[in-house]
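Input: a single structure, listed below in structure tokens.
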Amino acid sequence: MDKPLTIYGQTLSSRLFIGSALYPSPAVMQQSIEASGAEVVTVSLRRQGTLEAGNDFWQLIKDTGLKVLPNTAGCHSVQEAVTLAKMCREVFQTNWVKLELIGDEYNLQPDPIGLLEATKQLIDDGFEVLPYCTDDLVICQKLVDLGCEVLMPWGAPIGTGKGLLNPYALKTIRERLPNTTLLVDAGLGLPSHAATAMEMGYDAVLLNSAVAQAGDPIAMAKAFSLAVDAGRIAYEAKAMPEKEVAKPSTPTMGMPFWHQQ
Ligand SMILES: CC(=O)[C@@H](O)[C@H](O)COP(=O)(O)O
């Protein structure tokens with residue numbers, strides 16, 4: 001029996017979280033989000049722009065009927081991220097925040113020191129923080145020690161579509177934090193990247209560019225949805241052990257079935 005995905009006490013059936021930026025049109029955004037089967041959409045307060053444009057965008061998001069995960073994309077300091085998180089709580093009426101605090105403009109790498117400080121301040125203020133972090137085990141452990149029930153280590157830098165750049169680090173985090181809900185966030189480009197993360201035992205994935213910037217975003221959203229489900233089923237099914245030497249799968253003698261000892 002598959003263990004349901006729980007995010008700060010809320011049970012979800014879809015393990016794909018979707019972003020709301022960079023789509024070619026509002027209609028394509030809405031149809032892509034629907035095709036993804038996601039139950040959570042992440043929204044940046046910053047990208048709403050002018051009040052009028054912001055209202056239109058917000059109405060589109062509301063029309064999806066999905067749970068909103070506000071994010072602090074574009075923040076470069078603790079103060080900025082904490083202030084934006086508080087504004088998001090007012091606007092979106094949720095304690096959830098995807099905490100993004102950028103430390104390096106070149107690869108949009110999270111600032112690990114600032115992330116810990118901002119997480120502490122927000123948790124003390126009653127937030128349920130989903131930090132976007134690097135795949136550094138020690139930072140992840142410290143975020144858990146501060147009270148994060150959910151972590152979102154990167155697969156690759158945002159918007160690169162490179163997939164899982166450091167599978168060893170991601171596997172280590174999974175193994176060492178078995179009771180933490182883990183999502184791979186950012187850098188995925190192909191459905192196979194999402195499937196690999198799920199096969200590793202990640203609880204879910206969050207992505208935006210791979211769908212929004214695809215030639216056919218709606219079809220790509222569906223492909224990611226299927227890949228996430230396939231990866232999860234494969235994880236639950238437990239893969240065969242990898243071997244160093246060949247072993248014939250068609251025995252020449254004896255019984256055609258394999259008997260477990
Ligand atoms: C929308 C959002 O939250 C991004 O900052 C997120 O990290 C997704 O990254 P990709 O666009 O690389 O999927």
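Cβ atoms are placed via backbone N, Cα and C, with glycine included.
All TrEMBL annotations are machine predictions without curation.
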> The 1-deoxy-D-xylulose 5-phosphate site in TrEMBL includes Ala186, Gly187, Asn208, Ser209. Which of Gly126, Gly147, Gly159 is also listed there?
Replying inline: Gly159
> If you draw a 10 Å sphere around the Cβ of Asn208 (1-deoxy-D-xylulose 5-phosphate binding site), how many other Cβ atoms fall inside it, taking every protein chain shown into account?
Replying inline: 23
> Taking the center of the Cβ atoms of Gly159, Ala186, Gly187, Asn208, Ser209 at the recorded 1-deoxy-D-xylulose 5-phosphate site, which other residues in this chain have a Cβ no more than 8 Å from that point?
Replying inline: Gly19, Ala156, Pro157, Ile158, Thr160, Gly161, Leu188, Leu207, Ala210
> Among the binding-site residues Gly159, Gly187, which residue has the largest number of other Cβ atoms within 10 Å of its own Cβ?
Replying inline: Gly187
